[in-house]
Amino acid sequence: MSEMIYGIHAVQALLERAPERFQEVFILKGREDKRLLPLIHALESQGVVIQLANRQYLDEKSDGAVHQGIIARVKPGRQYQENDLPDLIASLDQPFLLILDGVTDPHNLGACLRSADAAGVHAVIVPKDRSAQLNATAKKVACGAAESVPLIRVTNLARTMRMLQEENIWIVGTAGEADHTLYQSKMTGRLALVMGAEGEGMRRLTREHCDELISIPMAGSVSSLNVSVATGICLFEAVRQRS
């Protein structure tokens, strides 16, 4: 069994973390620029089989996405399960979690994972029924974060949130109509941040299970932000407070 990843950053990140997972790599014939050559040499030094391919082949393998001239066939990484969450929390003194409710675009999922990794988030939790898949597109956008941040899919998000609360984790959800802002919220300690889908926001039951609702203050004429942008803003306010 294998999966495909593509893009310079995604391949580079996996090579640094788990070179043993590579099975073969396809490089665009004739592309030997200064960004790709060091990566090719690093792959060869690990004994990875490299094959040259034409653009049509790479486009087909990546479903027409931007692959930057490199695609890798790799062994699947660790798949985190719902029952891994209690042990993960037990191992942490100050858990810092991100919950994504209804983020169905793989680009947004990948961008949120990238921000989560940069912010030091310990795990990202998503519902099984309303979430984008961690496919090659999401992994490319994540720029390696998909290999470092556990992504945990849960059957019942409200039940998982209750479990987190039983573990003394404070759950902060984002909502445009919240009566106080991100910058008025205390985001230290044992924390889970909940981000809803663009437009729709969090589902009713998810909202009801939050301990606190906050908004991002908006100064311009737009009424909302892309979910990955909003996630980055909230995560790094938490980082500021926690540092």
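Every residue, even glycine, has its Cβ placed from backbone N, Cα and C.
Swiss-Prot lists G196, I216, L225 with the feature S-adenosyl-L-methionine binding site. I216 (S-adenosyl-L-methionine binding site) is surrounded by 18 other CB atoms, counting those within 10 A of its CB over all protein chains shown. DSSP assigns I216 (S-adenosyl-L-methionine binding site) to coil in the three-state reduction, placing it in neither a helix nor a strand.
Within the same chain, the residues at least 6 positions away from G196 (S-adenosyl-L-methionine binding site) whose Cβ sits under 8 Å from its Cβ are D101, G102, G173, T174, A175, M202, R203, T206, R207, V227, listed in sequence order. Here S-adenosyl-L-methionine is bound by G196, I216, L225 per the record. The longest Cα to Cα distance in that group is 13 Å.
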